[in-house]
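Below: the structure, in structure tokens.
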């Protein structure tokens, strides 16, 4: 069982072990190459391959497959012009290292056949979820490809083979327990809840009201639990309107839910209509409740055919409805595929701008940010409380509520605050991580796959670029979250909802990603962060101010110059380190000085004699 309790083992650095094992020919071979392994990670097989590097051509190496990763070490010494230092490939003693968590793999295909004659035409083609592909050529004799294909398929897609995800085997221990980061009662208390208008209800304690909502919900004080049950019958998946955030001063709120079940016949539900009025009346200063439907209006109308719909003016007299024109999961999936096509393996410089435009990725980012700005502005101004929904309330709704809260509440811009935001608005409120990412699942064509959470993180990165001092965390913090979104090393993003995680005892049996991050916070801190209270951020969501996140989407291409840290930032970090060094030396001198003062016979006669000479850089 994985534990997050205190341990002497520092799992930020991986174990390096020399592994002995018996090969297929019965020879006991000592694998002197250091293969990094996590506690609980075991070696399954190793094989000599040709790695078809898309940038430098074929490289002979040995690949090691564990129950967590695919690890390649080149067998030949690479010339200096072949060595490049990017995240894809590490270099150690002139050898190329490729380290890929198996959870990142989306598809494994056989390349070539038994009669293939071309050089390096027989092997495996691996498609990854993190914007890269891998290709390995193998010898055609001895079923070498079949063995590797079967082992990779078995451990990259464990759920299809009745095996556990690696997170349930991971035995890492940290000195910080990431599972304690988010406590819903404490977070709502921080917001000043409950109060005279809002109460905490445990009606969903056993997930009987809504199996995709958290156990604890905040609802209007005047709405009884019986009212909530009646409202649930008229909301898709029983996802009733519940509070996400309350403004500390004007007391307007952000409420989230799913679409009403209006259908083609235009059904109405008096309990639902009354409930939205009760939400509006929690603040006596406002006359209308603003409803933001994340969908394009044509999609919302089309959803009537499947029993869904939207809040019409004639049924909801005290509400205003606006459509935000954010497209569905299928459009976003196809858009990201187009991004991958233009960034990997080659970037076509001559048509870069037109190619990027044709993906529509930044247009989608713009629409999500624009919608969140509208939500934040409406609440910040005190003009209206806001209700947000899309179809089921777990994709676009999560994007809008969490981004608006990030704009409104500076607490969420700290490292711990952002972790709480993700735990609350995404994980506990049932974003379907398992379905959208496909953890351990071999069905790469599943229509439920979609980069909704990646899109949210991209929006956060865009905000951090426009407000470089507003966020405590840096770019590396966002990248490591995305990397472990796929890796299956931690339990944080596993399963679709809180009830499923409780059934699987995820917090008891796995480690939290926040344990890794919070045990080494300095690595993820923004040196320019300036803590501000109650400052609202309004990013500019125009195409002129948005850019492709090169350090994430194109990080695997060594020919594209990475966006290097700002020289001012680098110098600032150096000065901070220098300051820490001087503070430490000063403390040592003060200790030494106090020890001398406590011994009168040897006490020096002047302060200058007491203070040893300290050399500085100035």
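Note: Cβ is positioned from N, Cα and C throughout, glycine not excepted.
Those TrEMBL annotations? Automatic predictions, nothing curated.
Quick caveat, the model's predicted, so the values are computed rather than measured.
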Report summary line: Students should find that the region 'Disordered' stretch in TrEMBL, chosen from 1-25, 26-50, is 1-25
Report task. Using DSSP, break the domain 'Tyrosine specific protein phosphatases' (359-421) down into helix, strand and coil residues and give each count. Result -> 45 helix, 4 strand, 14 coil
Query - Local Cβ density at residue 396 (substrate binding site) - other Cβ atoms counted within 10 Å - result: 29
Query - Neighbourhood of residue 328 (substrate binding site), C-beta criterion under 8 angstroms, separation at least six - result: 295, 299, 391
Query raised in the report: Same-chain residues six or more away whose CB lies under 8 A from the CB of residue 390 (substrate binding site)?
Result: 258, 259, 293, 294, 295, 326, 396, 397
Query - Those residues of the chain, 6+ apart, with a Cβ under 8 Å from that of residue 394 (substrate binding site) - result: 212, 239, 258, 429, 430, 431, 432
Query raised in the report: Taking the Cβ of residue 392 (substrate binding site) as reference, which residues of that chain separated by at least 6 in sequence fall under 8 Å from it?
Result: 236, 237, 239, 258, 259
Query raised in the report: If the substrate site is taken as the center of the Cβ atoms of 328, 329, 390, 391, 392, 393, 394, 395, 396, which further residues of that chain fall within 8 Å of it by their Cβ?
Result: 294, 397, 452
